[in-house]
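Enquirer: This is the structure I have questions about; it appears just below.
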There are 2 protein chains.
Amino acid sequence: MTRVLTVSALVYCHFIVQTSSPTALKLTEVCSSMAHTGTHSQPVRSCLLLVVVSVCVQQVHGVWPLPQQLHQSADRGCLSPQRFSFTYGRDSAAQTGCSVLDAAFKRYFSIIFPDFTKGSENRLQYVWSEPQPFVVSVSVKTGGCDGYPDEDSDESYNLSVSEGQAVLRSVTVWGALRGLESFSQLVYQDDYGSDAMAYSKFNVFHWHIVDDPSFPYQSRTFPDLSNKGAFHPFTHIYTQSDVMRVIEHARMRGIRVVPEFDSPGHTQSWGKGQPGLLTPCYKGGVPSGSFGPVDPTIDTTYKFMESLLKEVKFVFPDSYVHLGGDEVSFACWQSNPNVRKFMEKMGFGKDFTKLESFYMESIMNMTAALNRTSIVWQDVFDYHERIPQDTVLEIWKGEKYQAELSRMTQAGHRVLLSAPWYINHISYGQDWRNSYAVQPQNFSGTEEQKKLVIGGEVAMWGEYVDATNLTPRLWPRACAAAERLWSNEEKTLNADLAFPRLEEFRCELLRRGIQAEPLFVGHCKHEYDGL
Amino acid sequence: MTRVLTVSALVYCHFIVQTSSPTALKLTEVCSSMAHTGTHSQPVRSCLLLVVVSVCVQQVHGVWPLPQQLHQSADRGCLSPQRFSFTYGRDSAAQTGCSVLDAAFKRYFSIIFPDFTKGSENRLQYVWSEPQPFVVSVSVKTGGCDGYPDEDSDESYNLSVSEGQAVLRSVTVWGALRGLESFSQLVYQDDYGSDAMAYSKFNVFHWHIVDDPSFPYQSRTFPDLSNKGAFHPFTHIYTQSDVMRVIEHARMRGIRVVPEFDSPGHTQSWGKGQPGLLTPCYKGGVPSGSFGPVDPTIDTTYKFMESLLKEVKFVFPDSYVHLGGDEVSFACWQSNPNVRKFMEKMGFGKDFTKLESFYMESIMNMTAALNRTSIVWQDVFDYHERIPQDTVLEIWKGEKYQAELSRMTQAGHRVLLSAPWYINHISYGQDWRNSYAVQPQNFSGTEEQKKLVIGGEVAMWGEYVDATNLTPRLWPRACAAAERLWSNEEKTLNADLAFPRLEEFRCELLRRGIQAEPLFVGHCKHEYDGL
């Protein structure tokens with residue numbers, strides 16, 4: 001199958017047992033996050049989030065995905081843009097000048113007071129019932145304003161809202177972003193924007209940036225890859241500057257960018273700009289003119305991959321890189337006499353899975369030497385169970401993913417689950433319910449094994465998707481998985497209970513300008529007017 | 001099933017045997033249309049269309065749906081906006097002042113020369129190889145510029161293009177619109193617009209304007225229907241002025257507007273603003289508080305329906321009106337003692353289909369008395385085979401639609417086929433191929449019977465569709481049916497051959513600003529940039 005991944009998102013930070021109990025305050029929300037240890041094996045941190053909500057409407061709006069714990073009162077208040085401010089707490093490690101939070105304050109002010117920021121502040125009056133200022137005080141325990149979110153980022157936060165003030169406490173600036181998002185969802189207002197990932201608290205953008213049909217990534221080391229391998233060398237590429245903008249845009253929203261350079265299969269487009277990289281296929285004893293996967297038998301392949309991975313390390317700050325390794329067809333390798341000779345020399349017999357494993361092991365070692373952690377698709381594990389222990393395995397095959405989870409975690413590997421969340425597979429009706437019913441830890445294994453399931457990924461592969469239909473296909477369908485990954489499973493397994501909350505969240509996405517499709521017959525106060 | 005029809009389109013004018021042979025000119029297209037007789041039983045008209053194309057590009061682009069006959073040469077020329085004009089032929093019945101064609105000239109000039117009309121005429125230079133003017137001369141046999149298209153409209157046209165000129169001949173202004181569209185598709189240029197129906201030559205907009213969840217039509221006679229029955233009485237309604245704009249917009253593009261006021265079922269929203277209209281349901285011998293279909297046993301119902309239909313006649317100029325009649329649940333009628341008494345009095349026994357037929361017959365007679373032709377869903381025929389002969393039956397049930405076609409045409413009724421084109425039923429992959437494979441006349445029956453199949457309808461019901469996802473779901477998937485209904489079946493049954501043409505047409509839709517989704521991996525020169 002030809003595959004082009006347009007957007008996918010990984011959520012870490014889940015499956016956490018709530019360890020603190022809510023206080024007696026009116027609206028209490030508790031959010032938990034992963035441990036700071038490298039193994040992610042224990043939920044060691046959980047933070048109490050108290051919210052006494054202050055909004056200008058009849059009803060408190062829900063927060064999606066549902067926080068681990070949430071208490072709410074019927075009290076309401078109104079916010080005035082003239083008397084509203086974000087501020088840094090006195091004890092905060094981050095203060096004015098913190099790039100991430102300064103920008104977030106600006107962004108969320110617009111989200112909360114769209115009419116004001118549109119320059120028509122007199123059109124709507126938000127009057128606090130007893131006129132008084134409202135201050136959101138943000139305190140961050142550690143700094144790191146100029147860094148990037150990573151797998152160890154503590155995204156927990158503690159938000160407590162009462163009349164006249166809200167106090168948001170978090171360990172990191174990324175946790176503060178999550179708390180600001182929740183605060184904004186508690187305040188009912190119009191808005192526009194375009195960051196639906198952050199709105200649902202997705203925290204990793206897995207960028208499947210090249211595939212068989214096209215190589216749009218403009219490499220500084222190998223410019224011919226996109227010059228000759230992209231759909232068009234100018235109009236259909238990602239320049240270095242495009243990539244930097246994506247990474248910075250994501251960073252400001254606490255989203256990691258993990259690129260995927262998938263090999264040795266799915267590389268047809270690579271061959272156009274890098275002669276000699278792909279395996280020449282043979283027919284009747286002579287080269288047929290067509291090419292197969294990357295040629296794993298020659299030194300130049302590994303030199304090329306090393307240079308490319310060095311560039312990837314330079315361009316993408318995240319410590320993870322996805323190396324692919326899926327769906328390698330062996331027919332072309334089998335047809336090529338040089339490959340067969342190499343197989344013999346290496347003692348692989350006729351087992352081409354050994355050849356693929358040999359190749360993948362080489363580039364995983366290269367990646368480790370560059371101080372980066374590899375993610376690979378499940379095929380690599382299925383072929384060759386002994387792979388470097390810190391490699392993260394990703395499950396994409398739909399059938400029997402529970403058994404695969406058992407096997408992988410039994411072998412001590414960390415795992416990402418994507419198989420049940422291939423939402424590019426559309427169907428008629430409310431298919432978000434299928435996503436919502438997934439229980440990633442419901443497989444046979446020990447508690448230790450279950451902790452190795454470090455997250456899940458919603459995938460929107462691009463065979464039938466581009467800018468014309470991406471947004472309505474992603475949202476709100478992807479939100480179902482976000483709740484499965486962020487929220488307390490016991491409180492969120494009933495899709496019928498989730499339905500009205502998700503409908504409301506979808507209306508909130510529309511208000512923020514996201515072209516999110518309807519779940520069923522019905523309407524929103526603010527409809528999409530992009531037609 | 002709750003249903004809200006967002007958009008559907010009927011195409012008449014199909015299944016026509018080609019009777020003239022192409023001339024020897026380089027690019028010849030022949031388009032045929034229905035007879036002018038009321039019965040639509042015979043293709044009596046076909047017109048020869050000669051095209052020697054003049055474009056500014058490497059390759060002649062196809063016309064979708066494929067004309068009945070098309071010959072093309074490799075000759076190319078370029079059009080210059082300064083030297084290009086539309087003009088009325090000396091022998092044309094329509095001349096300057098013809099609202100439909102004057103507006104069409106303006107619209108298609110923008111489509112052909114978007115850069116020029118954007119005021120940047122110096123940015124691109126279109127130079128005719130030997131500088132000379134290019135004139136498109138349009139001759140219409142009959143006038144009718146201020147009328148509406150109807151079922152008898154002759155939409156045939158004859159377009160012949162040679163160096164320096166194009167001659168477009170048609171019987172009606174509506175035929176001229178179809179020819180102008182084909183001409184614009186032969187000229188390769190950028191563009192923007194929003195009339196994808198006309199681009200694919202769909203010629204009827206079936207407006208399912210009310211249903212169970214909402215009554216958005218703002219009635220002048222019964223304003224409470226939308227005041228109390230719409231999702232919102234101001235923001236979610238169609239005012240009289242909205243309706244007029246839709247009808248005029250459609251008229252200028254040669255599209256008929258056929259409204260549907262579906263009863264006696266699917267009327268939950270009607271009951272809110274019209275107390276006494278719906279049947280009170282009973283439970284345990286007393287009214288349960290809920291309501292069923294329209295109450296067919298009381299006089300006030302028929303007085304209301306007559307007033308409503310009078311208004312519909314006044315507002316909608318088309319001579320057809322869709323009366324619905326589908327999916328009536330009998331449980332509520334059965335529970336109501338007054339209804340049971342009425343059944344007894346009428347001698348209907350326990351057969352509630354007779355009660356529905358009694359109701360439908362009454363409103364069909366009302367409609368006939370208003371000089372309008374009824375369209376009803378197949379249920380009405382299935383329950384009661386003897387219905388007024390000129391009623392058009394519409395098939396929506398997916399199973400065994402061929403047998404239904406046989407039965408209905410055997411009974412002498414004209415039929416519209418929609419069942420295989422319910423494209424709101426999405427699925428993964430290239431499901432347009434299913435639409436393309438439909439053969440509406442492939443059922444057991446005589447030639448006379450087959451002529452009674454007067455058209456087909458693509459339906460996009462609205463359970464899961466609104467402004468956020470309507471356009472990419474409709475286009476280009478609906479185009480498949482357009483070709484099945486306009487083109488020579490023998491030349492267009494192979495979906496693999498159609499695929500590259502449909503891909504190209506989808507790119508053309510993108511160039512015109514229509515958010516049409518991709519068919520598969522690939523790209524267009526001009527991508528959608530609405531993100």
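Cβ coordinates are placed from backbone N, Cα and C, and glycine is handled just like the others.
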Enquirer: Tell me, from A:Cys47, A:Cys56, A:Cys145, which cysteine TrEMBL puts in a disulphide with A:Cys98.
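Expert: Checking TrEMBL, the candidate bonded to A:Cys98 through a disulfide is A:Cys145.
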Enquirer: Looking only at the domain 'Beta-hexosaminidase eukaryotic type N-terminal' (A:63-186), what are its DSSP counts of helix, strand and coil residues?
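Expert: Summed by class, the stretch gives 35 helix, 26 strand, 63 coil.
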Enquirer: Rank the disulfide-bonded residues A:Cys281, A:Cys332 by the number of other Cβ atoms within 10 Å of each Cβ and report the first-ranked residue.
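Expert: Buried the deepest by this measure is A:Cys332.
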Enquirer: Whole-number Å only: compute the distance from the Cα of A:Cys524 (disulfide bond) to the Cα of A:Cys332 (disulfide bond).
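Expert: About 54 Å separates the two Cα atoms.
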Enquirer: Mean pLDDT for the domain 'Glycoside hydrolase family 20 catalytic' (A:195-488), rounded to an integer?
Expert: 95
Enquirer: Which of the listed disulfide-bonded residues (A:Cys98, A:Cys145, A:Cys507, A:Cys524) has the least company, meaning the fewest other Cβ atoms within 10 Å of its Cβ?
Expert: A:Cys145
Enquirer: Looking only at C-alpha atoms, tell me how far A:Cys145 (disulfide bond) is from A:Cys507 (disulfide bond), rounded to the nearest Å.
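Expert: So the Cα of A:Cys507 (disulfide bond) lies 32 Å away from that of A:Cys145 (disulfide bond).
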Enquirer: In whole Å, how far is A:Cys98 (disulfide bond) from A:Cys507 (disulfide bond) when you measure between their Cα atoms?
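Expert: One finds 32 Å between the Cα atoms of these residues.
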Enquirer: Quick one: what's DSSP say for A:Cys281 (disulfide bond), helix, strand or coil?
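Expert: Its secondary structure by DSSP: strand.
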Enquirer: Please identify, among the recorded positions A:Cys281, A:Glu327, A:Cys332, the one with the smallest Cα-Cα distance to A:Cys98 (disulfide bond).
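Expert: Closest by Cα distance to A:Cys98 (disulfide bond) among the recorded positions A:Cys281, A:Glu327, A:Cys332: A:Glu327.
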